[in-house]
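**Student:** The following block contains the structure, expressed as structure tokens.
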Amino acid sequence: MSSKNATQYHKVEIPPPQPFLKSLKNTLNEILFADDPFRKIRNESKTSKKIKLGLIHVFPILEWARDYKLEYLKSDLISGITIASLAIPQGISYAQLANLPPILGLYSSFVPPLVYAIMGSSRDLAVGTVAVASLLTAAMLGKEVNAVENPKLYLHLAFTATFFAGLMQLCLGLLRLGFVVEILSHAAIVGFMGGAATVVCLQQLKGLLGLRHFTHSTDIVSVLRSIFSQFHMWRWESGVLGCCFLFFLLTTKYISKKRPKLFWISAMSPLVSVIFGSLFVYFIHAQFHGVQIIGELKKGINPPSITHLVFTSHYVTLALKTGIITGVIALAEGIAVGRSFAMYKNYNVDGNKEMIAFGMMNILGSFASCYLTTGPFSRSAVNYNAGCKTAVSNVVMAFAVAITLLFLTPLFFYTPLVVLSSIIITAMLGLIDYEAAINLYKLDKFDFFVCLSAYFGVVFGTIEIGLMLSVGISVMRLLLFVGRPKIYVMGNIQNTEIFRNIEQYPQANTLSGLIILHIDGPIYFANSSYLRDRIGRWIDEEEDKLRKNGEISLQYIILDMSAVGNIDTSGISMLEEVNKIMGRRDLKLVIANPGAEVMKKLSKSKFIESIGKDWIYLTVAEAAAACDFILHTAKPDSPAKVSGIPQLNNV
């Protein structure tokens, strides 16, 4: 290590004290307003301008509508009509999956997209129902209320669950608590979505095989038992028809994937399947030969449902639990999809504003006979590929659905259920992201374990078990990161004043008589005991190695605290304990590069007085140089008292 600056030391400053209320305000601002969303409003002097900016913040449509160009309309019209052709058959299919009347899928593609167009911040998100949330709704509500025996109560509970989901989403957005949703790691989401998609695909075998009675359980064992126990009830007519449409849908999806410019082929294929399936049933009377059909769909736009919300004590807990769980899943999916497409077009999506938009569209949707909606990936991908420019594409889709509700619903009377099952299977196969799982295995085995746990929890257990496993393992890993921070030995890169991890840089040299330990994370009550034991272990191992090699005994322990962003009282107590232990063993504890928050607390706790202000250095290089100088010139006393070294005004 270069020693030319060995006697030149810099002062480690203690930040000036701040009033408690000001410090609390700054902390809350960092937690809740890290992106400083009100910067423009705060910097504006005119009250009228502030009000205008505030309205734009709540209703983004006021900003982009002002600059809307006529040339955008063509792109938005094409996108809106394209996603409507996908939304109509998907909406009917997903409503069936949720054990709700098929018409609700169309209702849910009318009101929520209009609300999102006013309040949403994504240009590419296409709003609608999703399969996973539909399956969750059916699984959770179906445990206590049978959709066949008590359809009215089941329907009202679905509206109530949607209301609670929207209320939860709205509260998270208003309170700036979006980070709560991010407790689900990427690995957990990949596994959970893949498991849910697998379960959904298996359940669609009921429609493909023409079965009328089916298990309400979602685990793979129960589903397969239900299928094969009814082998004698399988309808080959339904199976053949379903396989034909499934082959057609998968082929169009493959073509669009290989040639992105032909995206419209896969986008239009569900509606084409519905049309041809309906014509096939109508002309050959397939409904009399084992092919089940949708039947009558009620004409007219959404009827009000605000009076149908159920708040009685017996069922409100069920609706609340269903709403919160399905709302979190829908929120995580919608925000992730919106951000991914925003990244491609180089604009930002405000997660908290999205929560408010999702919350409002689900609250208002629950008042208008809609069930839970979010931003599904498949529909948003079609919207993006179709060249949408703004959220007007959602408005176009909503009006296309409204026209269908007013005039075209009788045309769906003969739509075979096998077509809906084929549409759902095709959409769900895209959620089984095996490539992401393989990538997780290559990058991080623990993340791969999280992914598999979530997947098998859903497939062999229930949706709730899979979700709990996803959250539980994600939280456990978070606690491991906090409770077991990395601590490693640092060495000097030759002919420099740079110190690095000796495992990463084997050529780095350790200095005799001292050991430099880097603590890679904040010091809290959760990890203070671990750090104390780990520091002691490093010292014991170093002393044993020095004794074995007959080298100079260990004299100094330098703790590099550059990565320690904060420390609590348990952490300070740990440092005091380590310092006392070092003193009894004739070792000296040295602190290098403590941050502002750490220095403030060390000063208030009198730890600086305890260790000695001359033993706190600005950099590891300065600490190592001072200790190395003392080792080779004098006894290990305070460096300020050693001749040949100037007084260290470093604190």
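Using N, Cα and C of the backbone, Cβ positions are placed for all residues, glycine too.
Pulled these from TrEMBL:
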DOMAIN    504-627  domain 'STAS'
TRANSMEM  125-142  transmembrane segment
TRANSMEM  154-175  transmembrane segment
TRANSMEM  187-205  transmembrane segment
TRANSMEM  233-250  transmembrane segment
TRANSMEM  262-284  transmembrane segment
TRANSMEM  324-344  transmembrane segment
TRANSMEM  356-378  transmembrane segment
TRANSMEM  390-408  transmembrane segment
TRANSMEM  413-432  transmembrane segment
TRANSMEM  452-480  transmembrane segment
**Student:** Please check if the transmembrane segment (233-250) comes into contact with the transmembrane segment (413-432), where contact means 3 or more CB pairs closer than 8 Å and the residues in each pair are separated by 6 or more positions.
**Tutor:** yes
**Student:** So which of 187-205, 262-284, 324-344, 452-480 has the most C-beta pairs under 8 Å when paired with the transmembrane segment (154-175)?
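**Tutor:** Most Cβ pairs under 8 Å with the transmembrane segment (154-175) come from 324-344.
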**Student:** Among 125-142, 324-344, 390-408, 413-432, 452-480, point out the range having the most Cβ pairs under 8 angstroms from the transmembrane segment (262-284).
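**Tutor:** Stretch with maximum Cβ contacts: 413-432.
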**Student:** According to DSSP, how is the domain 'STAS' (504-627) divided among helix, strand and coil residues?
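**Tutor:** Counting residues by DSSP class gives 63 helix, 22 strand, 39 coil.
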**Student:** In terms of Cβ proximity under 8 Å, which residues at least six beyond the ends of the transmembrane segment (125-142) contact it?
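**Tutor:** Residues 83, 87, 90-91, 94-95, 97-100, 105, 108-109, 112-113, 116, 154, 157-158, 161, 193, 196-197, 199-200, 203, 216, 218, 318, 321-322, 325-326, 329-330, 333-334, 337-338, 341, 361, 371-376, 379-380, 382-383, 391, 393-394, 397, 424, 427-428, 431, 462-464.
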**Student:** Mind checking which residues of the chain, 6+ beyond the ends of the transmembrane segment (356-378), have their Cβ under 8 Å from one of its Cβ atoms?
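**Tutor:** Here the qualifying positions are 58, 86, 90, 95, 98, 100, 104, 107-113, 115-116, 119-122, 125-130, 133-134, 137, 158-163, 165-174, 302-306, 309, 326-327, 330-331, 333-334, 337-338, 427, 430-431.
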